[in-house]
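A short worksheet on the structure shown next.
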Amino acid sequence: MKNVVFSVLLLLSFLFCLANTNEAAVPCSTVDMKAAACVGFATGKDSKPSQACCTGLQQLAQTVKTVDDKKAICRCLKASSKSLGIKDQFLSKIPAACNIKVGFPVSTNTNCETIH
C-alpha cells in the first residue's frame, strides 16, 4: 500500500512540474498583432501613439505573467523593429505616452536576456 501511495504522489508531483514548465511564453504573433498600431509613431510617421496602439500594448502588458514572458515580448519586438524601420527616439516614448510600466529600457538595442 505504501508503494502505491508513493507512486501516486510521485506521479502527481511529476505532472504538476510538467504543467508548470510547459507554459508557453507570449508568441510573437500575439505581440505583433497587439503592437501593430504603434508602427506609425515608432517610425516617426505619426505625431503621437494612437489610442489603438496604447490599447494593444495595455492588453499585451496584461498577458505578462513571468520574466520569460517579458523576455519573449522583448525578443519579438526587437525582431519586428529591424524590418519595420523603428526609430529609438520614438520607440522609447511609447510606454510613457501610453501610461505603461515595462520595467526595462525600451530600445531596439535592449539586451532582452538581462530583463528580470
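From the backbone N, Cα and C atoms, a Cβ is placed for every residue, glycine too.
The signal peptide annotation in Swiss-Prot covers 1-24 and is backed by experimental evidence.
A simple way to gauge crowding: the CB of CYS28 (disulfide bond) has 15 other CB atoms within 10 angstroms, across all the protein chains here. Per Swiss-Prot, the feature disulfide bond maps to CYS28-CYS76 (among others).
Long-range Cβ neighbours of CYS38 (disulfide bond) (same chain, at least 6 residues apart, Cβ-Cβ under 8 Å): PRO49, SER50, CYS53, GLY56, LEU57, ILE94. What Swiss-Prot records for CYS38-CYS53 (among others) is disulfide bond.
The disulfide bond feature in Swiss-Prot is assigned to CYS54-CYS98 (among others); the stated evidence is a curator's inference. A C-beta separation below 8 Å, combined with a sequence spacing of at least six in one chain, links CYS54 (disulfide bond) to ALA97, CYS98, ASN99, ILE100.
Note on CYS112 (disulfide bond): other Cβ atoms within 10 Å of its Cβ, all shown chains, come to 16. Under the DSSP three-state reduction, CYS112 (disulfide bond) is assigned to helix. Taken from Swiss-Prot, the feature disulfide bond covers CYS74-CYS112 (among others).
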Between CYS112 (disulfide bond) and CYS76 (disulfide bond): CA-CA distance (Å): 10
Alpha-carbon spacing, CYS112 (disulfide bond) to CYS28 (disulfide bond), which is rounded to whole Å: 14
